[in-house]
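Pulled from Swiss-Prot, these are the features on record:
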BINDING   GLY169, ASP170, ARG171, GLN172, THR173, GLY174, LYS175, THR176  ATP binding site
SITE      SER373  site 'Required for activity'
Amino acid sequence: MQLNPAEISDLIKAKIENLSVNAEVRTRGTVISVTDGIVRIHGLSDAMQGEMLEFPGNTFGLAMNLERDSVGAVVLGEYEHIKEGDTVTCTGRILEVPVGRELVGRVVDALGRPIDGKGPINTTLTAPIEKIAPGVIARKSVDQPMQTGLKAIDSMVPVGRGQRELIIGDRQTGKTAVALDAIVNQKGTGVICIYVAIGQKASSIANVVRKLEEHGAMEHTIVVAATASEAAALQYIAPYSGCTMGEFFRDRGEDALIVYDDLSKQAVAYRQISLLLRRPPGREAYPGDVFYLHSRLLERAARVNEHEVEKLTNGEVKGKTGSLTALPIIETQAGDVSAFVPTNVISITDGQIFLETDLFNAGIRPAINAGISVSRVGGAAQTKVIKKLGGGIRLALAQYRELAAFSQFASDLDEATRKQLEHGEVVTELMKQKQFSTLNTAEMALTLWAINNGSYSDVPVAKALAFESEFLSFVRTQHPEVLEAVNASGAMSDESEKTLEAAMKSFKSSYAYQA
């Protein structure tokens, strides 16, 4: 076979002309050192703050310290296989997590990967974990209730949609129980719930998931878990991941509720990362930006107006407001609310529910201290009937606590003081509620109505809860229309009150409640 040199040169020219040279420009660096999940990298001159970095073995990290001649990064997950001299590549992307309806009912890790053994999650959308909170113009005032189903909270420290209400207390005071009741109570309301577990034992998280499944709450809940055995970096980013998942619903004109359990452990994880990155320590060895750590997270919980929702959905959703309500949890040490992290979060949130060990041990559960628990914006969002009937509850409890302290020293009490003490005892007893036995608006209104009109004046304190339960059952069977009317209108008419007065008289004549 004879080869023609001209043909060969033409072929080579054609190949050169058709050659596509699309060079992928990605900055590469070299690992200098690896210690405790912190990697120092040389040569990443173009790295961004918070950028995802790719390590060998399909491992990712987060660029956190951008120094003159090196980058300090934190590894998201296992780091044992990373060694000195390994090549690190910039991805050019900020850390993103999957978002969407497909996540509802699933348990995922801090990066949105499923860990419940139910197969992959087929989401098409992702969103960055760090976002700027809605501005002043984009927001709408909080005026819709987020019912928790707990008498003590909904009557004294009401929570509104788009509010941030802190749950604070020592270990083992029922903080998680209050949050789980709030999640269970959203069943059938269309509110999507996100439960973020930070630094808890895997067995505790499994227990929470099991309880939510038992009460049919997993159907509207996403669980984001960063267990105690996982890297500090994952515990640090878990709340931001959960918040991004909640914002997906908020920005589409829906309502979402997010529980951070708990932010004390996130602050500890962040302190660990910061100290390993050699950032200067401040008070209690926390870094200087620990306030910003929580403020930028909690400011993202808000109620956004119709225009903002319309803008975010490109006109798909019109005339609807969206909200993300946050229930952050903080664990105190020996009731010290003046420590660094508790005071920070108290100042960021719109009120706090303070749970006390002494009340919990005395059997008053939820163990809410009515004196220092407040809701700064929830009053405007309270249901009309609960606002009207529950106004005297906080006052009755506060006066009772004060008088109870004095009555220990006084041997003879006048009639008015004795009556006030008895009333306070009954109110304290009726504010008790078992876990997962939430009440709707009408059932709560019924109890508050009975307290206000003196129906419990002749009921022994020990029998008050049984009396309440029996009377509720009596009204449910004999006068269901009253409960339906209150639930529908959010108010109690004079006609309903007359019906209830007659029902109470009839019930008392047939029910043996006296001691």
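Using N, Cα and C of the backbone, Cβ positions are placed for all residues, glycine too.
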In three-state DSSP terms, the structure that SER373 (site 'Required for activity') belongs to: coil
Inter-residue Cα distance where the pair is SER373 (site 'Required for activity') and THR176 (ATP binding site), in Å: 17
Between SER373 (site 'Required for activity') and THR173 (ATP binding site): CA-CA distance (Å): 15
For GLY169 (ATP binding site), the three-state class that DSSP assigns: strand
Candidate with sparsest Cβ neighbourhood (10 Å radius) among GLY169, GLY174, the listed binding-site residues: GLY174
Fewest Cβ neighbours within 10 Å, where candidates are the binding-site residues ARG171, LYS175: ARG171
Cβ neighbours of THR176 (ATP binding site) where a neighbour is any other Cβ within 10 Å: 22
Most crowded position, judged by CB atoms within 10 A, among ASP170, GLN172, THR173, SER373 as recorded positions: THR173
